[in-house]
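Reviewing the structure listed below.
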Amino acid sequence: MDPIRSFCGKLRSLASTLDCETARLQRALDGEESDFEDYPMRILYDLHSEVQTLKDDVNILLDKARLENQEGIDFIKATKVLMEKNSMDIMKIREYFQKYGYSPRVKKNSVHEQEAINSDPELSNCENFQKTDVKDDLSDPPVASSCISEKSPRSPQLSDFGLERYIVSQVLPNPPQAVNNYKEEPVIVTPPTKQSLVKVLKTPKCALKMDDFECVTPKLEHFGISEYTMCLNEDYTMGLKNARNNKSEEAIDTESRLNDNVFATPSPIIQQLEKSDAEYTNSPLVPTFCTPGLKIPSTKNSIALVSTNYPLSKTNSSSNDLEVEDRTSLVLNSDTCFENLTDPSSPTISSYENLLRTPTPPEVTKIPEDILQLLSKYNSNLATPIAIKAVPPSKRFLKHGQNIRDVSNKEN
């Protein structure tokens, strides 16, 4: 039963598929199927889009090629302009060099053409010259052929630029003879060759004269440095200070005999340092510090210093104007110190009035006439001033004390 059932199922499915296909074909024949029309249109559209993209790519490539072509054309034009400029510059340089005897280089093609043209008439002449002047050719190198210009290249000189005054004359041994010999040599015509040689003159030899340029050696000078002057114990300062007070040689010899205990020093220094210390080494005085009205006893004679009561100046009044009668020396003798070993007396103080001493005012006796005339213009009642009397310092001090007492009483 099973195989029959499966066979019937397959037949049924085949019949259904045949019915569907027949119905679809029928619709296609009748024009009712739309899928057959859309498919070719889609293909055509795809083809058009591909062609358009290809056209765009081709246009881009053409634009690039056109730009490259334009750049090439511009470059060619620029190179042509530069070539013209360079040709003009080369012509100017060639003309400038030709002024100094330089000949332009001949191209190889032109040389070969000239050789082919001029070979026939020159060969006969060259054979004759070769037979007669074989020895001369062996001794001297061949001269330049006719294809090269006769003018030899010449280096520019200062005279070409108008600088003749800067030319340095150089004297050479017999230079004109070499020039004359060069001019008198016969010109030998040789067959043209590719590498034509030019006879170059040798530079004349000049013997150097060193008589005027000999190096003079400096003379040796003695600076007074010896084993006696190289002493390091003395720096020569005292000797230089006392150089003006040198004595005669005899007196120096006598003093050197007396002073045998002096240490060994150089001879020029011994002559100046053997003198006594009291003559040249005077020590400075002791600084004195004075106060007005205070008497300080001296160390030698134990005598009190007397304070002077000189009136101070009108403009400058200071304590430094006091003068000291006795001054103590820096060096003290032992004998005098032992004798004056007694206690010094106490300092005596002067009167209290002298401590507060003030300068006396100037005595105005009379106003100058020119000042009085000026003052009288502004004040007609101005009378001549009366002379002012000087007041002693004691009275002035008493008046000042009375004024202070009056003020204190008023405050009380």
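Backbone N, Cα and C atoms are what each Cβ position is placed from, and that goes for glycine too.
Swiss-Prot lists SER34 (among others) with the feature phosphoserine.
The phosphoserine annotation in Swiss-Prot covers SER119 (among others), and the record cites a large-scale study or a structure entry as its basis.
Annotation comment: Swiss-Prot describes 132-156 as region 'Disordered'.
Taken from Swiss-Prot, the feature phosphoserine applies to SER139 (among others).
Taken from Swiss-Prot, the feature compositional bias 'Polar residues' applies to 146-156.
The phosphoserine annotation in Swiss-Prot covers SER152 (among others) and is backed by a large-scale study or a structure entry.
Summarising the annotation, Swiss-Prot assigns phosphoserine to SER155 (among others) and lists a large-scale study or a structure entry as the type of evidence. Sequence-distant neighbours of SER155 (phosphoserine): residues of the same chain at least 6 apart with a C-beta under 8 Å from its C-beta are TYR100. Classification of SER155 (phosphoserine) by DSSP places it in coil, neither helical nor stranded.
For SER159 (phosphoserine), applying a Cβ distance below 8 Å and a minimum sequence separation of six or more within one chain yields ILE167. For SER159 (among others), the entry in Swiss-Prot reads phosphoserine, with the evidence type a large-scale study or a structure entry.
If you look up Swiss-Prot, you'll see THR265 (among others) marked as phosphothreonine.
Residues or ranges marked as phosphoserine by Swiss-Prot on the basis of a large-scale study or a structure entry: SER267 (among others).
Feature annotation from Swiss-Prot assigns phosphoserine to SER318 (among others).
Sequence annotations record features per position, and here Swiss-Prot assigns phosphothreonine to THR384 (among others).
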